[in-house]
Amino acid sequence: MTGRLIYLMGPSGSGKDSLLQAAREPLALRGCRIVRRVITRSAEAVGEDAQAVTPAQFDTLERASAFAMSWRANGLCYGIPVQIDEWLAQGYDVLVNGSRGYLAQARRRYPDLLAVLLGVQPEVLRQRLLARGRESPEEIEARLARNAEFAAGLEGPLFQLDNSGELDDTVRALLAWLGGDRACA
């Protein structure tokens, strides 16, 4: 049996890291693997469970075919370890923290991937980004405009998951959507 690749994506501030953290235990109990991605920024700086590497280390890993998927966005490099192919072949469902901008390429490599778009209402997203304090109000407005463009441009089937409310509700909705008799159900 082949596992399912669950490709989570959403704008900065949508709560992807919070969702992954909150869903980690219930998904693990169901046999789902949550991938630790490789990123060229300190994991502490992003608040996610990521392996931080330098740009030179990332390039070395990429040349060595250590990634099943890799992309560049916002001045950073992101990689999904090639180990996911082994897990999928063993029948495990695998959840990755992906990129909206890389979805088309991911679908070419994994045509049956399950795309999950985590979103929030624009005003909620604005408030979350302001609370983080990393960007100016003008940069936040530009980010919100890009978010609307990205959402309109995504093609193919995808599950839209609203994280504007309580995180527990979002976790329950994700688990219900992944229902069935698979490893992640």
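Backbone N, Cα and C define each Cβ position, glycine as well.
Listed in Swiss-Prot for this protein:
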BINDING   Gly10, Pro11, Ser12, Gly13, Ser14, Gly15, Lys16, Asp17  ATP binding site
Are there residues of the same chain, six or more positions away from Pro11 (ATP binding site), whose CB falls under 8 angstroms from its CB, and which are they? Arg100, Gly119, Val120, Leu125, Arg143, Arg146, Asn147, Phe150
If we count other C-beta atoms within 10 Å, could you say which of the binding-site residues Gly10, Gly15 has the fewest? Gly15
Starting from the Cβ centroid of Gly10, Pro11, Ser12, Gly13, Ser14, Gly15, Lys16, Asp17, which together make up the recorded ATP site, report each further residue of the same chain whose Cβ lies within 8 Å of that point, ordered by sequence. Leu118, Val120, Arg128, Asn163
In sequence order, which same-chain residues at least six apart have a C-beta under 8 angstroms from Ser14 (ATP binding site)? Leu118, Gly119, Val120, Leu125, Asn163
Does anything in the same chain, at least 6 positions from Gly13 (ATP binding site), have a Cβ under 8 Å from its Cβ, and if so what? Val120, Leu125, Arg128, Leu129, Arg132, Arg143
State the count of C-beta atoms found within 10 angstroms of the C-beta of Lys16 (ATP binding site), not counting that atom itself. 19
Hey, does DSSP put Lys16 (ATP binding site) in a helix, a strand, or just coil? helix
So of Ser12, Asp17, which of the binding-site residues has the fewest other Cβ atoms within 10 Å around its own Cβ? Asp17
